[in-house]
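Listed in TrEMBL:
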type     : residues : note
REGION   : 68-102   : region 'Disordered'
COMPBIAS : 75-84    : compositional bias 'Basic and acidic residues'
COMPBIAS : 85-95    : compositional bias 'Polar residues'
COMPBIAS : 121-132  : compositional bias 'Basic and acidic residues'
REGION   : 121-169  : region 'Disordered'
Amino acid sequence: MADDLDDEWWLNEKKTSVSIKTEKVTKAEVKKKFANLDTEKKLNGKGKKVKPTITSEAIHPSGPIKEIKKKKRKLSLERKDVTSETKQLSSTMQEIKNKKRKLNLEGKDLITRKLVCKDAKREQITKQKSESEGVATMDGKQNKNNKSGKEKKRQRKKITDESDETLSKPGTAEDVKIMLTKALKDRLGAEAFYDILPDTENDYYPDNCDLLEPDKYLSSVLTTWRSAVKKSIFMKTTGSPCLLIVASSAIRAVELNRQIKGFLDGKCKVAKLFAKHMKVEEQKKFLSKTNCQVGIGTPGRILMLIKQGALQLESLIAVVLDWNWRDSKMKRMADIPEVRQDLVSLLKDYVLETVRGSSCKLALL
C-alpha cells in the first residue's frame, strides 16, 4: 500500500487542509473590510476612536448649509410680507363693501323719502279736489278758483251731440268755402286766398238738395256726358278722365263704383285710384296704357298720382266730391282731419286751377 501511493501521502493531506483554511480566513477579512465603508471605524495614531466627519457638500452638492439657511429665512420673510399685504387688501375690500352697503342704505332711504313725499302730495291734491268739489256757489255751479292752477281742456263739440236735422242737411258750396277759409286764410293771407276761392254760382253744379242716389244725381247734372265720352274715345288720350269722383275712403269708392254703373255706358272704363286695391306702380301702368273716362279714388292717392304725372286733369268735365256721405261715426269727408288735409291741398294746388275759366265744375254728391 505504501508503495502504490507514495511514502509521504499523509503529509500532502495536511498541506491541502491548511491551504483551504487560509483561503477561508482571507475571504472573511475581505468581507469585513469592504462590506460597509461608510460605517467603518477609523482609528487615530494614538489609538482613540474618531467619529466620521460629515461635510456640507455631502449633504447638499449645490452649496453650503449657511446659504440654504439664508434662503430659507428670506423665503419666510417674503411669505410674512405677502401675508401682511393680503391682510391689508382684505381689510380694504371689507371697507369698500361697508361703504357700498352704506350707500345702498342711503339710496333706499332717499327712495322711501321720495315715495312718502309723493304720497303726501297726492293726499293733498285729493283733499283739495274733494274740498273744491264739496264747495259750490249759490247758483249750484262748482267753484273753479279752488283748482290747482290747471285749466280744463276745452270740450269739443261732438257730432253725435248735433241734432238729426243738422246731420241730414245736404252740403252746399258755402260749406266748401268755410272749409277752405279755415284751412288757408292764415297761410296765404286775405288777398291770395280770395283769388283762389271758386265762384259759388258759376263754378258749381246744382246741389243735391233731395239727396238723390249717385247715378240719378249725375244723370240729372251731367247732361253733356255722352258727347264727352265719345270725344275721349275718339281722341284716345291716356290718363286723363272726363269725370273725377273723390271719396273719403277706399270702401266708399268701391260702393260708388257699383252705384254708378247705371249712369255709365258699357264703353266707359273706370280707373280705381285708391289704396288697398292696387299699388301705385300698377296704377301708373294702367293710366299710361288705358283710355279711362272715369276716375274714382281718395284725395291722398289722387294727389300722389297727379304729382308724379300719371294722372292729368285736362279733359275733365266735373269733379264730384262725396260730401254728404257719413261713416259709422257720423263723420263726413270734411270732418276727418287726414282726409280734409289731403282734400284741401288737392283743391288748392290742382282742381281750382282747372275749374277757374273752364267748362269743368265742382259737384257735391
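Including glycine, each Cβ sits where the backbone N, Cα and C put it.
Taking H, G and I as helix, E and B as strand and the rest as coil, DSSP gives the region 'Disordered' (68-102) the counts 35 helix, 0 strand, 0 coil. Residue counts for the compositional bias 'Basic and acidic residues' (121-132) under DSSP, helix first, then strand, then coil, are 12 helix, 0 strand, 0 coil.
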